[in-house]
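As annotated by TrEMBL, domain 'Fibronectin type-III' applies to 1-79, 82-174, 276-371, 376-471, 474-570, 672-767, 772-867, 873-968, 1062-1155. What TrEMBL lists as domain 'Ig-like' is 574-665, 961-1062, 1143-1243.
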C-alpha cells in the first residue's frame, strides 16, 4: 500500500507511521506496525479470499494524528489458473463458435470475466477479440479460408490467468443436409413406466444447423410445463415429466435447413398397472357353501399382458377382506367353503408385471339353499300350569319356506332375564309341549322356533308371563250387608288356599237377572273383603260372585254366586258401639300411640265424622283415621301434649244420628308460657321480663321457670335464671347497644316445656338520637376554606347535644367526608383543606348520648374560590435609568393580588406642582414589571405612580420615591465576561476564533482590542455595538496564541478586568479551644470577573505577620489548629483572575477557648392544656453548651415513646408531641438536662379537657 505525507504536520516533524488492519467482518483494528517511516508498505500473512480495511496514522512529537482509511475493502487474492478445454465448436465463412470450462482455481477472488484473443497463421501477434463473462462466445468478422488459433484467459481482481489455446481452425462455410441420429433409441421405441420423468435426447446433424419441429401424431406438439422440447447446438431433447398412459403414441421430428428437410419418428410406450376388470361381477350359481362368479378382462391392461387375477371376499358384518385366491388365470371363480346363511361380498383385481390394479366389487350375496327357512310360528299359549310344570301350545307357521317343517325348538326364560334357554332336547313334533323343572313362584316366558331343510326360522313372539304356582281357591260366597236403590254392599270370606302367595286383591262381577251377562263391577283393586257395588238400577235384581288374586298374579275361579238381591232403600237409625275402656278418660304418655275405635250400624250406611275442639279431624300421617261402612278407628302416633282433649265421633244417615265422646289425656312436658313475653323498663344494662302461666301444664304441676337470653348476632343461648317460681324477673348486666332475645320455659315433672321468645330488644337508654339540624349555609369562602353555619335541631332526643359532625361532599364525588376531628359545640365551623375551584355541599349531624342523629338536608353547592378584590400596590417601585427624554422604571408584583391574577400594570406621571395624571401604558395594562416612559421634557422632574390591574379593576397606586428627573445618566463602562472566557480559550490550528463579550456603559463606550505586547489585530474581524463586542479570526495558528486585552472607555472612565473590592462584613459564628468558625458577605464588585475564592488570614496577639489559614470557595470557613487561650485577629480577601482584593478585618479579636454554658430552661409557663382528640405540641426553649443529654419522665417513670407520643430535641429547643390526646396523657412530666457544665430539671403539667363522666357509665 502507498500514501502521501500529511498536508499539516502539526508544527512538528513526522516521526513515523502507524499501520493497522481489520477484517471487513469485524469492527476492531489490529496494529501491523508502529515504527514505519516510509510512505509505502507491504504486508504478508493475509487469509486468501478475505477482505480487509487498512488505515495509516502519522505520529509527531505531540502524538498520533487522525488516520487515513481505505475507502473500500481489499481482497487478498492472486490470479486464477487457466480455463479448461477451449473448443472451436462451429465455424462459418466469417465466424467461429468457442466454448470452454471454468478454471480449476479462481485464485481466491471471484472470476470477473474472460479475455479472448485470436492469432492468424504465420503471425506472432495476438489480437484482442473481446472480454465476456459467459463460457462461450461467437467470434465474428474473421477472414474466410484463414487458419486461426484462439486463446482465452480468466480475469479476477488480482489479474489475468495463463492463456489456454485452442486447436487451429480454418474459417470456411460447412454445409450438410439435416439428419437425426437415432442410434441411441433402440428400434425407435421409448418405453417408460407411468409416473417417471422421460428425457429423449437425439443428436441433430446438418450445416447450417437445422431447425427442429416436434409433432405428436399429425398435430404440432404443444409446449407445456410438463411436456416440452429443447434444442441445443448439437441435439434436440423431448421432456415429459410424470409421464401418463395417455402420453404414449408416435412422436415425429422434422429437421430443416437450406439443403432440405428430413423427418424421423419415435414411438413412446407407457406401461402401468392394469385397470379394474370389466364388470359387473356376475353371480352364476349360489349354494349353501359355495358361490360361482365371473367377470370380463380389463379394458386397460397397462400395456402388458395380464398375469392373473386376485379374488377377495368379506363377511358383510365385518370390515376386513380375506384373500380367496391370488393366481386365478381365467375370468371365472368358484368361492367354496362358505358358511351357510352368511352374506358375502366379493372383489376382483387384475395384476400384471407392474403391479396390482384397482378392483371391482360385487353385490352382496348370501350362501344359502335354493329354498328359504320357514316363517315364525304363532304366539305360544299356556294351556295349564302349576308350581312344577306348564303346558304350552302354538300354531304352525304361515309358510314353511318351500320345505316341510321338520320340527320345533322350545325356549324359555325367566321374566327378569335376557337369556333364552333351549328346553327341548330334540325336535318337537306336533304343536304342544310340557315344560317341567320349574321353580316355584318364578315367572316364565316361552317362544318357539320352526326348522326345515333351509334352517331355523325366526323365533316366535314370547308368550304371556306366567308364574309357576299352584292355583288359588275361590273366595267364599258374597253376602249383602247393605242395600239401597242404586248400591249394594257385599262381604265375603277369604279363599282357603292362596296358591302359596298372599292374596293381594279381589275382583267382583255382577249379573242382572234373569238373563244378564257377568260384568266387572270394580275398576280398581279391592284390598278388603267388603265392597260397595254402585251404579245399579232401582228395583232390579242382581247376583254377584268374587275372584281372588294373589301376589304371584294368579286369579282364582269365581266364588259361588250370592243370593238374588233387589235394589231398594231400607231406613234404620245409626247406632255406635264402643269398648268399655273408652267410657273413661284414656291416659297415655307422650310419645306413645293411642287408638280410638267404634262399630256402627244403620241403613243406609251412616256417614262417620271425627271432630275435636269443634273442628273436623283430617287424616294425616301422624293422625290416621280409617272409615269403613260399619266401623272406624282413629290412631294417633307419637302422642304429644296437644294431642290430648275431647274427641267426638258422629254417625248420621237419613234415619238420624248418634254420637260418642272420647276423653284423652297425654302426660307430657308443659306448653309454652302464656304470651306475649313482655320486655319493659329497658335501659342500657337492664330490663324487666313478665309472662303468664302456660295454658297446657302437661298433666302435672308447673314446678318452676327457666329464663335464657342470646344476642341476635349469635346462635348460643345463655342462662339468665333457673328454678324461678314467679312469672316476673329483672334482667341485669346487659351490654349497652347490644340486641337481645329472651325466652322463658316452664318445667314440670316430665321435663322442660316449650319456650316463648320475646321480640328482639336493643339495650339503649330511653333517649333517642337528636333530630336533624337545619340546612347549613356558608358565610365566608376562600379558595381552600369555607365557614359553615347552621341552627340547632328542633328536638334533642331527650339528651343534650355535645357535638356536631360536619361532612362535605365534592360535586364530582360520591362519598361524604368528615371535616372535623375535634368536638364542635358551636353552630359554626371553618372547613379547611378544600381543593381550589371545586364545588362542595355540606350537611350537619347532631350527636347526643344516644349517638349520631339524622343528617341535615344538604346545603347548596359552594365553589372554593377566593373573594376577589382590587389588588394592592406594586412593591419596590424604583428608577432603572433616565435619559433626557425618558425614564425607565421597574417594580415588583403586589403582595396582595385581590384574589385574582394580575392582568397588567398602569403607569402614570404628573408634574410635582400639579394634580393632573397622564397615563402612559396601554388601556389593557402593561404585562411586564418594567417600563420606559418616553417623550418627557429634558431636566423636568416628575411624580410617577404604578397601579396593578386584575379582573376587579385598578388597584392602589405605588409611587416611585422622589421626583425623578429626565436627564442623561453617565454609567461607567462594564465588561461581563462569561465563564468560558474566564478560562483559557483553546482552539485547533486552522480553526476560527470567536470571542463574544457583553459590555455596558453610557454613553456607549469605545472598544479597543490588543495583544499583550500592544500589537494590533490585522487579520481579525471586530464587531462592536452598544451592548457587545465580538472578535473573529479565521485560520488561526500557533502564532495567534497569547493574551488578548479588551479595553472599553466612555466619558465616565475606563473599565478593564481588575481585582475585586474587599468582602463584606466578617461575622464570628462559633469558637472552641482549637477552632473558629467565620462567615462574610460577598464583595460589592467582583472586578469584572468571577470571584474564584476567598483567602482567610490570621494574626497572633504579639505578632505582626499575617498567616494564611484557610482558602474557601464559599462565604464561610472554619479555622482549625488554634492554641487554646491565645488571642487572634482574622481578615478575609476576595480573589479573581486579576488578583486579590484588599482584606476585610474581623472587628474584634477572638480568644480560642471552649464555650461552656450550664443547662438552663427558658420557660414562659409550665401548664399545658389540650382538648381530647386534638394534637398537643409542647415547645421548651433552653440553652446549654456543650449539647446536653435529655431525659423525659411521666409521673416519675421514664416516658415510653410510641407513634402517638414522641419527644424531639434540637440545640436550642425540646419538643414533646402527643397525637390525639386522651385522659391517659394527663399527668406531671419531668425534663432533665445534663452536660459537663451542670444539670437542670423542670416539671410541667399536662391537662386534657374532655366531656364529664355521666351516670350511665358509673357501675355500682
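Just so it is clear, glycine is given a Cβ too, placed from its N, Cα and C backbone atoms.
Those TrEMBL annotations? Automatic predictions, nothing curated.
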Q) Where DSSP helix means H, G or I and strand means E or B, what are the helix, strand and coil counts for the domain 'Fibronectin type-III' (82-174)? A) 0 helix, 48 strand, 45 coil
Q: Just give the helix, strand and coil counts over the domain 'Ig-like' (961-1062), going by DSSP.
A: 7 helix, 42 strand, 53 coil
Q. Looking only at the domain 'Fibronectin type-III' (474-570), what are its DSSP counts of helix, strand and coil residues?
A. 0 helix, 39 strand, 58 coil
Q: Just give the helix, strand and coil counts over the domain 'Fibronectin type-III' (1-79), going by DSSP.
A: 0 helix, 36 strand, 43 coil
Q: Could you tell me how many residues in the domain 'Ig-like' (1143-1243) are helical, how many are strand and how many are coil under DSSP?
A: 3 helix, 58 strand, 40 coil
